[in-house]
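In TrEMBL this protein carries:
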type	residues	note
BINDING	R110, K150, 155-161, 185-188, E193, H216, 270-271	ATP binding site
DOMAIN	114-300	domain 'ATP-grasp'
Amino acid sequence: MTQSTTALAPGAVIGIMGGGQLGRMSAVAAAKLGFKVHVFTQNVTDPAVEVAHAVTLAPYDSPEALESFARAVDVVTFEFENITADALDLLARHCPVRPSGRVLRTSQDRLEEKTFLASIGIPLAPWHPVTARADLQTAMDTLGLPLILKTAQEGYDGKGQRRVHHPDDLNTAFDELAPHPLVAEGMVDFACELSVMVIRGVDGTIRCFDTVQNRHWHGILDMTLAPAPVMEETARKAQELACRVAEAFDLVGIMGVEMFLDHTGALLVNEVAPRPHNSGHWTMNACPQDQFDMHIRAVAGLPLPQATRHADAVMKNLVGPEDMALWPEILKTPGHIPHLYGKADARPGRKMGHVNVLFPFGALPGEFGVQDALGALATKTAAPADMEAID
Ligand SMILES: Nc1ncnc2c1ncn2[C@@H]1O[C@H](COP(=O)(O)OP(=O)(O)OP(=O)(O)O)[C@@H](O)[C@H]1O
Ligand SMILES: [Mg+2]
C-alpha cells in the first residue's frame, strides 16, 4: 500500500502486533486520542489484552488471521520485535504498516542492523560476524578479549548473550547460544549508557526526547535518568545520531537508539528498537506528550509537537518478585508514580511495572539525592564506580 499522509480521524482503529506492556501503554495513549485499538497476540493473558477494544488471538504467522486483522484496522504498528517481517509485509498489502517491515527486518537481526548502521556512517562498538565455529578465532584476533557473543536474533534483556574472558570459553559460549548466527562484539569500557527516543512522522517531521542515561542490573534495565547527566554537547550529539538513524530508516513511528558513551567522550550506537522503549517510560509523567502518545500520533499521521519535558525524572523498573514485594511501600511513598502492567505472575527477571519520580526542571539531584528519592526501591542501585566521572 502506498503511504497516505492523511491523518486518521477519531474512532479509527489502530492494530498492534504484540500484547506486551508496550502495547498496553500504546493502547491507553491511543484511547486518549480517540482511537480504538485491536491487539493481535498469541496469549490471552497478555497485558495489552485488558485494555484493547478488540483482540485477535492467533499465531503470529497465521496468514488467515493476519488477513482478517488487516481488514479490521486502519493502520498497523508493532510493540515487539519477534514477529516476522514477512507477517508485516502480508499486512501491508491491506493497510499501512508503521514502522515498515523493512525497518523491522533490519533491526531484528544484529548483523543486518550493524551492517546498515555502519553503511550510513554510524559509529558502533567493534564487531565481527560469527556464522560458523571457524569465525571465533578471527573474532578473537580482531576484537581481543574480553568480548561479548550475542545471538543475531531474538535476544532481549541481555538474554542470548555470553561474555567471554578466556579463549577456552569461546567454544562453550558458541555451543550454548542459539539460534546461530552470532555476532561478536568488543567489550566497550563505557563511562555510561545513553539512549534517545526519536519519532518521525509520515511527512518526515522528526522529534527527539531528551537524551537519557540508562543503568542495567544483571542485563536488565534498572533505571533511567532524564536528562542524562552528561555534557550538553554529548546529549545533543546523541540526539543527532538518533535522528540520522531514523532518517536513514525512513522511519514512521518511534525508535529507541541505545548508545555507549566511552571515556574519550565518543558515542557508539549499541542497538536500535523501532518501537516504544523501556528507557522512554519516564516521559509518561515528565512530558506533555509521552513516548506512546508521540508514537501513536506518528502512526496515525497526526501532528507531532516538540518532544518537550517539563520535569526531570528518574524511572525505576519493577522487576520480579523482589521489587513487587515493595509494592505496598511504593503506594505509600509520596512522589512515587506507579505504573503496573497487569502481569499475574512475578517471575524472577520479569518486568512487572515501573515507578517514575519527578524533580523540578533542571534539578535532577546527584547520586545520593536520587537514591534518597527512590526510598525502598534504592536497594540495588548502588552507584557504579564510573558515576563520578560523569556526574
Ligand atoms: N559491546 C558491549 N560492551 C559493553 N557492554 C555491553 C556490550 N553489549 C552489551 N552490553 C551490555 O549489555 C546490555 C544489554 O545488551 P544489548 O542491549 O545488546 O542486549 P538486549 O538483550 O537487546 O538488551 P535490551 O533488551 O535491554 O536492550 C547493554 O545495555 C550493556 O549494558
Ligand atoms: Mg539493549
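In case you wondered, yes, glycine gets a Cβ from its N, Cα and C as well.
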Close-lying binding-site residues around ligand 1 among R110, E185, N270, where CB distance stays under 6 Å: E185, N270
Assigned element (helix, strand, coil) containing R110 (ATP binding site), judged by DSSP: helix
